Structures are given as structure tokens and as C-alpha cells.
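J.: Got a structure for you, questions after.
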Amino acid sequence: MALPITVHEGTMPHRGIRLGRVALVVAVVLALPYVVAPYRLDQVTGALILAIAAVGLNLLSGFGGQISLGHAAFFGFGAYTTGILVTDHGWYPPVAFVLGMLVCFVVGVLVGVPALRLRGMYLALVTLAVGVIFPSLVRRFDSLTGGSAGLFGISFDAPDHAYFAGRAGQILWLYYVAVVALAVSCLLVWNIMRGRTGRAIVALRDNEPAAIVMGVDRTVVRTVLFGISAAIAGLAGGLFAVDTGILTPDSFSLLFTIYLLVAMVLGGRASFWGPIIGGFVIYYLPLWTGELTDGPAAGVLFGILIIVMVFTLREGVVGGLGRLGARVLVVEPRRPTPRFDLSEAPPVSADQGIEPAACQPRQETAAGAPLAD
Amino acid sequence: MSLLQIEDLHAGYGAADIVHGVDLTVDEGEVVVLLGANGAGKTTTMRAISGLIARHGSLRFDGTDISRAAPDEIVRLGLAQVPQGRGTIADLTVEENLRAGAHVRRDKQGIAEDITRWFDTYPRLAERRKQQAGLLSGGEQQMLAISRAMMSRPRLLLCDEPSLGLSPKLTQEMFASLSRINHEMRMAILLVEQNATLALGIADRGYLIEVGHVGASRSAADLAGDDAIRAAYLGY
């Protein structure tokens, strides 16, 4: 069969392909624990956590077009909120995650306020300040956070069930928790972006004056967007706390934010799969280069690989995959809605028959005949 | 009472006012054109009316004071604008642009009906409904920008130089289109335009704006016959 295969949007084959894609992801997620060794699964959990944070950053920077160099701080706020609540107050971790997200939302909205007046480099500097201050704050309030020595003993024990027994069971448990958290984050972003608010977010990024004269409330959209992005990063932080068990301020340095930015750009900004793939790339790339060579050479190789990827995949991994996919499969958009809209017709009684007027083209009542030819 | 009534409008960017003391009115169902040379303050006036920039003076829309209203409240009251240059969102599809234009509305049924209506009006947009707006031609983008503004179901449409960057043929089509919207929907339009001849062709009245001041309202025919107007335009 000649490639690419063309399917029409909304037809059975198209729906089948979309469903198949989801089924494939679900299958991989469920099969993974049975195929890989526990320590490998532990790594996947680490990559998932990075992916969640990248999903959060992508909402703000990819879709919203606002740069943040402070996302390590939101990740940290989430991690320490969860860490302190679980260790000192014995909270159930999921409840601590939610509170951590709320804390991050509030901090995010506050940081988003200067974003109303600043953009580009200036906004980058403000968020950079937030990112730089955070590790110092952790050290300053060491009675609460454990300071440089660290906060220990944070855990989210698996339910008492044979399936999650032992050390391998605990790894499996955290893997599933991370999968669910990533799914929730993605659904949240997807829900925002596919609707009215999503259009407003893209409009503000793309053409701010036009967005404002459409009636988009810039203040609300920008600050809430910042808050939600921070909350998702905070959720990732909470997971990080229970996954590693130890929090030290060094984990939340500027380097972490840079990793997130690289993950977002490499994966494909303003796409749904981009930050997830990017999260995995940025997690595994240093591991692989570290296995290949030792010492400084690993870092150099890592850097070179990133440069190569940025040059070869301008729209990120997702963009590259999309181009590849287009050679195999093309989805033809649905045809425009028919001009004759019978749902508009006045109710007709059985003996009356259909009035001719009920079948008139809609443009009779609209603004006139076709113009833009 | 006029639909839009502006008295002694001052507006500008930062410290310097560009518009000092503009008075103008637009009545229901009327096309009013604002003429003036580059830098006279036409776009500033339009942006001030929509609340995009700081302004003071008396601005009333349908009797409501809008001098302190936020841009989204102004849209809700029924005042839509096709901003200068690109009035579309390049990264959204054609259909999403129309939906974004209805941002202040919540009536799903009505929005769907209006989308069909504008697709019927501009079939080229219907053919490209799933395409990103940035990929449309200049003429199609302007059609989309006008439809997008109309999606908020305004009572007054502000158009800031809709002919910018369009070929003469497309400019004529665009004016014909605006005229049709005015006639068939009784839509009041306030138009800023460099192309005086065409603009006055569809307008009822016009104002001449010079360095931030506006003269008295004159009929379109009167303005069209004025040599001084042509001079103000062409800048000699």
C-alpha cells in the first residue's frame, strides 16, 4: 500500500488509531513493571517526576509564552511542604501533596503578578530571583526544613497487600503513584488548553492586544496560569520527596530549572507529549552518557547530544515524530458543516409537510452572500 | 442619544498624551470614518476606546460610562475591535479564532450558530477551518479578524485600518463586506482608514483628526469633495 495512508477525521479508522495510541500507552505503562528490573523501574519513576514538573513548566512557558527560571523553587516548595507534613505531622502523603500544590499555587500567583508588567528577560530575572532565593530560605529556616543537613525519613508506604510486598513492591507502588500523578497533571493541562481558557492563553501569548479586545482578562489568566503551573511543579516536588526520602537544598538549584527548560524544549514546547518525552530524555541522557564514559567527559557528551538534538529536531522530539508520522499517516480534516442546518427549522407537524422556508440556506439570515473568494 | 459618545478624550503612552481633546459620536447603525495623517492619533483613539491604554475624558457607550471600564467589560457591553495589523491569533485554527472571539459569551448554541453564519459569509474560512490562522493569506486573515470581532455580537465594531497590507482588489472586497455587515445587520462601525476614497464611499459621516485634535463631524460626501482632506492624507 502506498504511503502515506489517508484517513478522514472522525471516521472509524481515525478513531481506531487514536484509541489504539491510548491503548498502547496504557499497555506500556502496565507491562513495564513486569519487563524491567526494580532498580530500572525506580529510574522510570524519577523520569516520570521530572516529566510532571516539565508538564507544569510547559503550561506556563510553552502554551503561555512566559519564561520562568524559578520552577525549581515551586518544585522545592512542594517537596518541603510534603516532607515536613509527612515527617513532623504524620500526614497521609496524598493529602500533603494537595496542600503542597495549594502552597505552590498561592506562591505562583504572587510571582505571576510582576509577570503582568514584565516580559522576556525582565520576567526571567524576577523568576530567577525566586529560584535563587529558595535554597537560601531552606537553609535559613533549618529548624523546619533540616537546613543543609537535610530532611530525612519521608516515605509513602505501599498499602499492605501482597502485590506491593517488599522493597520491589514499594518501588512498584511509587511507580504507580507517579503514573497517576502524571496522568492527572496531563488531564488538567489538556482540559485547560482545549477549551475557552486555553484559547485565551494562546491568544495572550500570540497577540496580546487582540486577545484583550476579545475580552480576555489578562490579569486573571496570567496569574492563574502561573499558579497552576507552579502547583503542578509542586506536585512533582511532593512525589520527589517521598521517592527519594531525603531533601537537601542543593536538589532545588537553578540547575534543576535549566533541566526542566531543556526537557520542555527538547520534547517539543506547547505540545502535550513534548514535556513527557523531554522529561525522559533529560533524565536518561546523563545516565547513559555516565555509563559510556566517566568523569567530565560524560558531561561534555551530554552537552554535545543536547546541541545536536536542538539542531536536528527544531520542533522537539514530538515535532520530529510528527513529521515522521506524516509520511505514514495523514488525517484529512472533517468537511465544513453543511450550509443547510435543519436543526434550525421550525417544528413541522406531520400533516403539514416541510415548508420550503425551513430549507433555506442559512446565509439568507446571515450577513450576506459569499465574499472572500 | 448616540451609541458612542466621546468628549474631551485624552490618551497616550506613558507620560505623553498623543490624543488631546477628541470629541466624536457614533449613532446606531451608522458608519463613521476617522481620517488623518500618520501619527495624528487615530490608532491611539481606537485603543483608548477599547481600554487598551490609559485614557481620561468622557466616554459613554449606550449611556454607560466606560471611561474606567476594563477592556473585557467594554467587550461585554457590545464594543468589538478589529485591531490594527494582524487581528487574528496565528497559532489557533480558524475555527478556534472564531471561538476565541466569542470569549465573553457563554451561550454554546448561539456561538455555534454564529460560527456557521460567518463560515457561510466567508466560505474560504470554512474550507480552512482546521488550519492555523497564521497560514491564511492577508485577505483571509482580515476576513477572519472581522468575523472574530463580530463573534462577540457587538453593537459597535471598531476597525483600525482594515486595509493595511491588502491588495487594492482585496481592499475593495473588504469594504464591500463591511458595508454589507452595516446594512444587513444594522451594525454601527467606526472606521480608521488611510484609503479615504473607499472609506468615505461606505461611510455616513467622518471626522478629520490632526495632531491629536479632531474637527467637527462632516458628511462623507462633504469630506470626499474637500481638497484639504486629500492633502491631509497624502501629507503634502
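Note: Cβ is positioned from N, Cα and C throughout, glycine not excepted.
Marked as region 'Disordered' by TrEMBL: A:340-373. Annotated transmembrane segment per TrEMBL: A:19-37, A:43-60, A:67-85, A:91-113, A:120-138, A:173-193, A:220-240, A:246-265, A:272-289, A:295-313, in sequence order.
I'd like to know what surrounds each of these features in this structure.
T.: Tertiary proximity for the transmembrane segment (A:43-60) is limited to same-chain residues at least six positions away from its ends with a CB under 8 Å from its CB atoms, namely 32, 36, 66, 68, 71, 74-75, 171, 174-175, 178-179, 181-182, 185-186, 189, 192-193, 225-226, 228-233, 235-237, 239-240, 243, 259-261, 263-264, 267, 269-271, 274-276, 278-280, 282-284, 287.
Tertiary neighbourhood of the transmembrane segment (A:91-113): same-chain residues 68, 70, 73-74, 77-79, 81-82, 85, 126-127, 130, 156, 181, 222-235, 237-239, 242, selected by CB-CB distance under 8 Å and a gap of 6+ residues from either end.
The list of residues near the transmembrane segment (A:173-193) in space but at least 6 beyond its ends in sequence, with Cβ under 8 angstroms from a Cβ of it, reads 29, 32-33, 41-42, 44-45, 48-49, 51-52, 55-56, 58-59, 63, 97, 156-159, 164, 201-202, 228, 232, 235-236, 239, 242-243, 272, 276.
Listed by sequence, the residues of this chain that lie at least six past the ends of the transmembrane segment (A:220-240) yet keep a Cβ under 8 A from its Cβ atoms are 48-50, 52-53, 55-57, 59-60, 64, 66, 68, 71, 74-82, 93, 96-97, 100-109, 111-113, 115-116, 174, 177-178, 181, 184-185, 188-189, 192, 197, 200-201, 204, 251, 260.
Below 8 angstroms of C-beta separation, residues 50-51, 53-54, 57-58, 61-62, 68-73, 75-76, 79-80, 83, 128, 131-132, 134-136, 138-139, 145-152, 154, 233, 240, 274-275, 278-279, 281-282, 306, 310, 316 of the same chain, each at least six residues beyond the ends of the transmembrane segment (A:246-265), sit close to that stretch.
Among residues of the same chain six or more beyond the transmembrane segment (A:272-289), those with a C-beta under 8 A of the stretch's C-beta atoms are 43, 46-48, 50-55, 57-58, 62, 182, 186, 189-190, 193, 259-260, 262-266, 298-299, 301-302, 305-306, 309, 316-318.
The list of residues near the transmembrane segment (A:295-313) in space but at least 6 beyond its ends in sequence, with Cβ under 8 angstroms from a Cβ of it, reads 262, 265-266, 268, 281, 285-286, 289, 319-320.
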J.: Sequence-remote contacts (6 or more beyond its ends) of the transmembrane segment (A:67-85), Cβ cut-off under 8 Å?
T.: 53, 56-57, 60-61, 91, 93, 95-97, 99-101, 103-104, 107-108, 111, 120, 123-125, 127-131, 133-135, 138, 144-145, 151, 154, 226, 229-231, 233-238, 240-242, 247, 249, 251-257, 260-261
